[in-house]
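Here's what TrEMBL has on this protein:
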BINDING   Ala32, Gly33, Pro34, Gly35, Ser36, Gly37, Lys38, Thr39  ATP binding site
DOMAIN    11-287  domain 'UvrD-like helicase ATP-binding'
DOMAIN    288-599  domain 'UvrD-like helicase C-terminal'
REGION    147-169  region 'Disordered'
REGION    710-756  region 'Disordered'
Amino acid sequence: MASVADHPILKGLNNAQRRAVSSSSATVAILAGPGSGKTHTLTSRVVWLVDEVGYRPQDVVVATFTVKAAREMMDRIGRALGGGREKKLILGTFHSICRRYLSAYGGKIGLPKDFGIADDKDSRGIVERVCKRLKLTLDPPTARAWISKQKAGGSEKESARAKKPPGKSLGLQELQTCYDEYQKQLERSNLLDYDDLLVRCVELLRKFPSCVSNIQSVLIDEYQDTNGIQYELMKLFAQHRSRITIVGDPDQSIYGWRSAEIGNLWRLLREFKGTEEVSLEDNYRSSQSILNLSLQVIQQDKDRYKKVLKPVHTRGSRPVLRKLKNAYAEADWIVCEMRRVIMMSGNMLTHSDVAILLRSAALSRHIESTLGKAGIAYKMVGGFKFYDRAEIKTLLDYLRVVHQPHNNDALSRIMNVPKRGIGEGTIKNLIEEAEQASMSLWTLLVKHCRGQRTAKTKITKHTEQRITGGLIRVIEDLRKISAHTDDVSGDSDGLVGLIHQLIKLLDFERFLKDTHPDDHEQRWANVQEFINVAADFVRDLEQTGDDTLPEIQGLQQSVETELLPRFLANVSLASDVQTGEDGENKPLVTISTIHAAKGLEWPVVFIPAVYQGSIPHARSEDQNEERRLLYVAMTRAKCLLYLSCPTYRSNSSDEPCELSSFVATISRSFLEKGPCLDRPVMEQIAQIVKRKLPSNEAIYGSLPSMYSPEDDFGCGPESEQDNRRNTSRQIGASIDAPPAKRPRLSAPAGGYDSSKELDWRKDYATTMEQSSNFTLKKSGTKTLHMLLQLAT
Ligand SMILES: Nc1ncnc2c1ncn2[C@@H]1O[C@H](COP(=O)(O)OP(=O)(O)OP(=O)(O)O)[C@@H](O)[C@H]1O
């Protein structure tokens with residue numbers, strides 16, 4: 001008889017992973033470092049619970065942190081379960097799971113069926129207006145963050161706040177006033193903000209536990225980043241059977257600023273006595289050298305929860321640390337180095353194996369433009385959203401008003417797009433007027449234009465006609481069509497048809513030509529892509545069926561039939577799903593914020609701008625969280641890791657950059673300037689990524705003809721020493737910056753010394769030569785010139 005250990009789900013897992021997957025304990029906590037297979041283990045446990053324990057997929061809740069992670073997990077589970085059973089799981093981000101419960105059962109707690117979702121921009125807009133109207137002395141973004149924090153804290157914080165007598169501090173009183181008024185505005189517009197989705201779901205599940213009476217097991221990924229309210233939700237989902245599995249890594253907790261609570265871990269162990277703790281100690285992702293350096297960074301935090309992490313891979317090349325003249329030179333160097341790696345791998349690695357991870361989105365400018373000039377396609381993740389493009393935002397706002405005309409913020413953004421002669425001041429006054437009269441902007445406009453009420457705000461006759469004919473009529477026509485979008489077909493009657501009709505009524509292509517003569521084609525292409533997004537959404541629904549929750553005896557659930565609200569919710573909740581500029585299946589370099597790179601991995605990772613003020617970020621109050629961010633970024637790399645830092649912040653400024661304190665103190669023995677990409681190094685990379693390295697002939701045959709191979713292809717054991725020797729010979733060379741202007745970093749002995757940094761172009765020539773281990777037919781400046789041409 002086959003033993004449990006032979007079960008196909010357990011094959012290929014190590015002992016600790018097997019123990020976690022097949023555990024019969026009600027509560028299991030898998031705590032482990034990066035790349036140790038936590039997500040892999042969680043996915044296998046879901047399959048185990050369905051296939052081996054026998055739970056119905058619709059009775060299992062799986063919560064992930066991002067939409068991308070949810071999709072990947074769904075794919076992985078689907079492949080293992082087969083038969084499309086994964087689609088029945090209640091799997092998604094906390095927000096999307098809550099939305100599903102609220103649209104099915106929200107009526108029980110008085111939530112109108114057609115509630116919409118206020119995105120961040122809407123929320124910010126409302127808070128700004130509340131502060132202005134009530135003449136509050138608050139900074140609106142701070143007030144918005146405070147409100148969000150109150151909601152995210154969960155009921156413990158809520159009740160603490162409720163008990164606290166307001167009145168002692170004027171600031172607190174104002175914040176409370178702002179919160180109350182903000183909430184009223186949302187209710188009037190029939191909107192829930194992101195936090196409300198969680199708060200209202202907690203309310204629902206507390207008052208009506210039967211909604212989750214079917215749930216057998218709850219599994220949470222990236223547990224270290226859950227906040228108070230997510231912890232409560234986890235408990236409420238599991239309230240009938242208390243079966244919970246969590247995976248997490250306290251060292252990767254990077255959402256403290258969004259109220260994530262590292263303490264949730266201790267809370268779980270305290271509240272669920274008998275929780276089985278499993279630690280995974282093998283790192284399957286990164287080379288030894290990358291792991292060693294990453295540990296050097298994270299171990300600077302002396303109070304961390306200590307875990308063992310052992311590399312299973314070979315040593316690999318040491319990570320690189322480079323200091324470049326400025327951000328332009330840094331971007332140039334990244335692009336050249338990326339090309340060199342791909343070239344020296346004989347295209348075993350492609351652009352899609354490369355990620356550039358940034359502490360903040362704003363750092364991408366130079367890198368984007370350098371990639372663009374080099375003709376390298378890239379995609380942007382985190383902070384750069386397809387849905388944030390002006391033309392897409394306009395279409396979305398129209399659709400949101402079609403669904404929910406009382407959404408003042410969306411309506412105010414489209415009132416004068418296309419131009420209808422309504423100035424910003426008039427729009428603001430109209431909103432003020434509407435809010436003071438406790439009615440929506442839409443109601444005020446309709447009443448005014450139909451002569452049922454005269455707005456106090458001055459509107460000219462001509463403008464009034466344009467509002468009536470161009471705005472109100474368009475919205476009302478589209479609302480009629482929208483009522484029939486339950487037809488899932490992608491033809492003219494469905495959601496796609498509705499968008500086509502919107503574009504036609506607005507004469508949107510002409511509008512783009514008139515307003516953006518320089519790049520209207522690109523913008524029009526984005527509009528076409530948006531139509532594809534809607535068509536894909538409809539197709540996915542057709543294939544996966546609807547996302548209604550499993551039937552529970554004696555409980556009536558509302559069934560959402562209209563496609564438009566579901567599409568809009570999908571867009572609002574998919575804010576971290578990005579679309580590349582290039583729709584083809586071309587390998588794309590990834591540019592991502594570190595936050596959005598969580599849970600992902602790439603063979604080659606660049607982390608630019610590793611300087612004080614960038615990482616740790618100047619505005620961050622939590623140095624440990626900043627260090628963990630750098631650790632998360634570094635541990636995304638499998639084979640090659642590059643850190644870099646410009647000497648000056650910008651081309652025009654003399655403001656020097658000081659290397660990040662997280663790196664400055666690390667001994668140079670963990671780092672190098674190369675790396676030499678000779679055959680042995682490339683073979684190690686091939687081993688880690690489990691690909692076949694092309695022959696030397698194939699690699700060098702594709703190099704430009706100025707190279708001619710010598711017969712000693714393999715770069716024997718001395719090559720690294722040679723590399724170091726050659727590099728040290730050039731120390732001190734600098735073309736771009738006179739030595740007097742170059743700041744010296746105050747790194748301790750053995751730490752990184754920027755004054756020894758070289759101009760990358762000279763260095764590039766050297767490393768090209770070394771890594772290919774070829775003799776260049778030409779020599780001297782001519783060779784350097786040709787290499788630079790090749791590089792740029
Ligand atoms: N037992 C195993 N054998 C071989 N490879 C494994 C094993 N377990 C996991 N892996 C691989 O290790 C890599 C990291 O796995 P996974 O993403 O699940 O790690 P993680 O712990 O969730 O990482 P992180 O916390 O950094 O996001 C993946 O490529 C995965 O396929």
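Even glycines carry a Cβ here, placed using N, Cα and C.
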(request) Among the binding-site residues listed here (Gly35, Gly37), identify the one with the smallest other-Cβ count within 10 Å. (result) Gly37
(message) Checking proximity to ligand 1 here: which binding-site residues out of Gly33, Lys38, Thr39 have their Cβ closer than 6 Å to it?
(response) Lys38, Thr39
(message) Highest Cβ count within 10 Å among the binding-site residues Gly33, Pro34: which residue is it?
(response) Gly33
(request) Using a 10 angstroms cut-off on Cβ to Cβ distances, just flag whichever of Ser36, Thr39 is the loneliest among these binding-site residues. (result) Thr39
(message) Cβ within 8 angstroms of the Cβ centroid of Ala32, Gly33, Pro34, Gly35, Ser36, Gly37, Lys38, Thr39: which residues besides those meet this for the ATP site?
(response) His40, Asp249, Leu280, Asn283, Tyr284, Arg285
(message) With DSSP assignments reduced to helix, strand and coil, which class does Thr39 (ATP binding site) get?
(response) helix
(request) Please list residues from the chain of Lys38 (ATP binding site) whose Cβ is under 8 angstroms from its Cβ, counting only those at least six apart in sequence. (result) Ile30, Ala32, Asp221, Val247, Gly248, Asp249, Leu280
(request) Around the Cβ of Ala32 (ATP binding site), how many other Cβ atoms lie within 10 Å? Please give the count over every shown protein chain. (result) 25
